[in-house]
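A.B. asks: Pasting a structure below so you can have a look.
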Amino acid sequence: MIKAVLSGDMPRSVVLASILGLILFCLALAPFLFPGVRTVDTAARICVFVVLVASYDLLLGYGGIVSFAHTMFFGIGAYGVALASTHLGRGFDALAGGALAGAGVAAALAFVIGLFSLRVRAIFFAMITLAVASAVAVLVSQLSGLTGGEDGLTFQTPRELGPAFKFGDELFGVKLNGKLLSYYLVFTGSLILFLLMLRVVNSPFGRVLQAIRENDFRAEAIGYRVVRYRVAATCLSAAVAALAGSLYAIWLRYVGPDTTLSMEIMIDILLMVVIGGMGTMYGAVIGATVLVLAQNYLQNLMGAAGSAIEGLPVLPQLLDADRWLLWLGVLFILSVYFFPTGIVGRLRRS
Amino acid sequence: MSDPILRLEGVCTNIAQYHILQGVELEVPRGAVTMLLGRNGVGKTTTLRTIIGHWRAHKGRVLLDGQDITHMPTPAIARTGVGFVPEDMGIFANLTVEENMVLAAVSGPIDSARLDWVFQAFPPLKTFWKSEAGNLSGGQKQMLSIARAMVEERRLYLIDEPTKGLAPAIVSTMARALRELKAQGASILLVEQNFSVARALGDTACVMDDGRIVWSGAMSELATDAGLQERLMGLSMDAH
């Protein structure tokens, strides 16, 4: 049963399986285990980034394609939901329509970019995606009448997904309201999309992609049209990234260039893929969890550690909460040094 | 020679500014093994890669069963039934032996009788069926590379130096497998530096020098005529 759900791609390591099980357990019960606005928001961000990173891993880890436009597709999905909800009214039909339209536009754009640039060297595709992503980010800022410009768009989701909607009193001390439903919509959507990605990479299509990544000429000499497979992977990856963006927009009830289109998010995605392990899918789960937790709690952790060792020379200054970005960088360097194949790659080999 | 399966007519191939093939005229008879011989750098590998479409011939024609495949894309050529085993093996190291074989069977699921035959030829592949191909030894990787071509019946096999750098015991296994393939009536164009293997397998031979075929005829003729061997191989050596 579990093997079928995971498309036959078992973790192949007891430690890894335990970590993944723990993450799934924590995310599934996050509102009850860690009640609080910030913790649940962190859990929702992890869910969304798992899908986003998994979709990027399909490109980079499985297809060997470097793209800098992934946040653009993420943003297209988010803006799709925001625009649909703004113009069609607050309703599930607007959410579904916006999400599907966003996924469709993202896939179509990926198709056009891929068709023109995947025939040539991979570096050319990377440069094209960088250029297009920058152009779209500028366009979104400029078209303030439609997109809200730099301020972004705040929109209303269906009443059932808002904190004002109550469907019971309390369960284990947690209010049963629309925000809880909203979290479980994000969690369930992310879980389904992740399992879908797992199915894709373990299908014959996924195997051909891996073959192309390893030796594209050999894959062609066997009879596979490399460009077609690469374009298909790009479209699929873009559509899933857009759906992740839609889930993020539903959770935040806001979209803006900084939350969905920025280069910082693109760098985060790259870090998550590398830390988790490229070409493993489960690496997306580990990478997203580690980095989102570090981004949200490293500062607090360092502040507490700094206070605990107050009075010692040098160390409290080094662990000053304001230096959290420095330690995040150190964490990244160490993880790449000790886990060159990512955490998942290392755990599977050991 | 009547009804060859493959014919190259005046094929010229340039790689960057280098004129590698300079009018190759070659015929591969149906159901026979044709050895493509010559010293390093004369264009043997380029000839195979031109046939499979990796390098484009800028002049001349490549005819497979009379069909002009000169400008066809590589995947289309492969799907017409041309199996190619490259010099560098080209296995997919991160995939298992099974996945490598399944990918190579482009026309559908692997025929079990055919797979048994492949396992008979290369027993280690059965042993390491579920293992990552990257973990195989050099000889086993070469076996996998050839097995991928053999997993389906092809109209023509292009095999580039299958015994290069292998231990003598593995070379014997390779030679035995290729003999079995030949016994099934396969048409094979084989590049080989090991003359004893070439002599044992070849029906016909073509010797290349400077991007051209300088001699072609029966392998038996070349194998028994030391003077001819000396003249053809010595000619190349002296010229360079």
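Every residue gets a Cβ built from N, Cα and C, even glycine.
Curation does not apply to TrEMBL; its annotations are automatic.
Copied straight from TrEMBL:
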TRANSMEM  A:14-34  transmembrane segment
TRANSMEM  A:46-74  transmembrane segment
TRANSMEM  A:94-116  transmembrane segment
TRANSMEM  A:123-143  transmembrane segment
TRANSMEM  A:181-201  transmembrane segment
TRANSMEM  A:231-251  transmembrane segment
TRANSMEM  A:271-294  transmembrane segment
TRANSMEM  A:301-319  transmembrane segment
TRANSMEM  A:325-345  transmembrane segment
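Describe the structural context of these features.
C.D. replies: For the transmembrane segment (A:14-34), the list of distant contacts is 40, 43, 46-47, 171-172, 174, 180, 183, 187, 282, 285-286, 289, 344, 347-348, 350: same-chain residues at least six beyond its ends, Cβ to Cβ under 8 Å.
For the transmembrane segment (A:46-74), the list of distant contacts is 23, 27, 106, 109-110, 113, 118, 122-123, 125-126, 129-130, 132-133, 136-137, 186-187, 189-191, 193-194, 197-198, 200-201, 206, 209-210, 212-214, 229-230, 233-234, 236-245, 247-248, 251, 260-263, 265-266, 268-270, 272-273, 276-281, 283-285, 287-289, 291-293: same-chain residues at least six beyond its ends, Cβ to Cβ under 8 Å.
Within the same chain, residues 69, 72-73, 76-85, 88, 125, 128-129, 132, 157-158, 227, 230-231, 234-243, 245-246, 250 sit at least 6 positions outside the transmembrane segment (A:94-116) and bring their C-beta atoms closer than 8 Å to a C-beta of that stretch.
Listed as Cβ neighbours of the transmembrane segment (A:325-345) (distance under 8 Å, sequence separation of 6 or more from its ends, same chain) are residues 16, 271, 273-278, 280, 282-283, 286-287, 290, 294-295, 298, 302, 319.
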A.B. asks: Residues of the same chain, at least six outside the transmembrane segment (A:123-143), with any C-beta under 8 angstroms of its C-beta?
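C.D. replies: Residues 65-69, 71-72, 75-76, 79, 109, 113-114, 116-117, 149-150, 257, 261-262, 266.
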A.B. asks: For the transmembrane segment (A:231-251), which stretch among A:181-201, A:271-294, A:301-319 has the most Cβ pairs under 8 A?
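C.D. replies: Maximum Cβ contact count belongs to A:181-201.
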